[in-house]
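A.B. asks: The structure is given below, and queries will be raised subsequently.
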Amino acid sequence: SMASPALLMRVVASAYSVAEKAATIVRNVMSAGDLGIVEKAGPNDLQTKADRLVQMSICASLARKFPKVTIIGEEELPTDDVTEDLIEDGHCEEILKKPCPAQYTGIKEEELVIWVDPLDGTKEYTEGLLDHVTVLIGIAYGGKAIAGVINQPYYNYEAGANAVLGRTIWGVLGMGAFGFQLTEAPAGKHIVVTTRSHSSALVNECIAALNPDHVIRVGGAGNKIIQLIEGKASAYVFASPGCKKWDTCAPEAILHAVGGKITDICGNSFQYNKEVKHMNSAGVLATLRNYDYYASRIPNTVKESLVP
């Protein structure tokens, strides 16, 4: 008989279904019309009913199946009073059928940390820029992002009434990433994707130094990594604090699984062990290809302004 699937593959397979349930919650909250918006630190730092319900759903569903895994979510929420209708018990059979990369077959539950951003791009969600929105579930081991799930609840939402709404992208280091068509940005073009709602003098100084052919300003870290892996942008550059570990963990795993690279602006890799501080205080630099080209052009003045 076949050995039962390795823990990592079971976690990823469950996270896939949990993310699909999350997408349904996100769409239902939007279509019901009452977003229940709360300002956290200010007008660009929002929380909605969708953020709250999705986080409860993801964390409670995964905690029930994998009780010894550490799960860290963006929102400060109680975890004990989650209603049964928020629990997702399913998993993706396709993922369970794939062999686990050898280096991860012996992982134990207590060695995993799951970083959850229930709704990445909340501000854009409240403004109706629905294609910017993602649900992020990142899986870390030994302080490294090793697997991730990104769900886009509104993928295809402008394609007409009969379009299938939403998609789930997933990846594991040493295996690859699935659910999208890997595409490289046009050769010789320098297209930078950056923040839409968290701009600053430093952000703009850094981008200007790269002398890009084009700058795309969109919300959400998950969305920006998708721009890289689908060839719409050649670099994701954010010279500012503000991004957190739950923003980068899932996207990092998927980007690294297809040979890309993400660091802070100073070139340091991110750590995802459970004790780590949540803020990526030295910003983000990510590419699918040609990382060194962009890294070499970040001005020292910008690096000195951002302390890791």
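Keep in mind that glycine also has a Cβ here, set from the backbone N, Cα and C atoms.
Marked as Mg(2+) binding site by TrEMBL: GLU74, ASP117, LEU119, ASP120, ASP247.
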A.B. asks: Among the binding-site residues GLU74, ASP117, ASP247, which residue has the largest number of other Cβ atoms within 10 Å of its own Cβ?
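C.D. replies: Selected residue: ASP117.
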A.B. asks: Could you list the residues of the same chain, at least six apart in sequence, whose Cβ is under 8 A from the Cβ of ASP120 (Mg(2+) binding site)?
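C.D. replies: Once residues fewer than 6 apart are set aside, ASP120 (Mg(2+) binding site) is near VAL133, THR134, VAL135, LEU136, GLY220, ALA221, GLY222, ASN223, ASP247.
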A.B. asks: To test your reading of the Mg(2+) site: which residues beyond GLU74, ASP117, LEU119, ASP120, ASP247, same chain only, put their Cβ within 8 Å of the Cβ centroid of those residues?
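C.D. replies: These residues sit around the Mg(2+) site: ASP51, VAL116, PRO118, GLY121, THR122, THR134, VAL135, LEU136, GLY220, ALA221, GLY222, LYS244, TRP246.
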A.B. asks: Does anything in the same chain, at least 6 positions from LEU119 (Mg(2+) binding site), have a Cβ under 8 Å from its Cβ, and if so what?
C.D. replies: VAL26, THR48, ALA50, ASP51, VAL54, TYR125, VAL133, THR134, VAL135
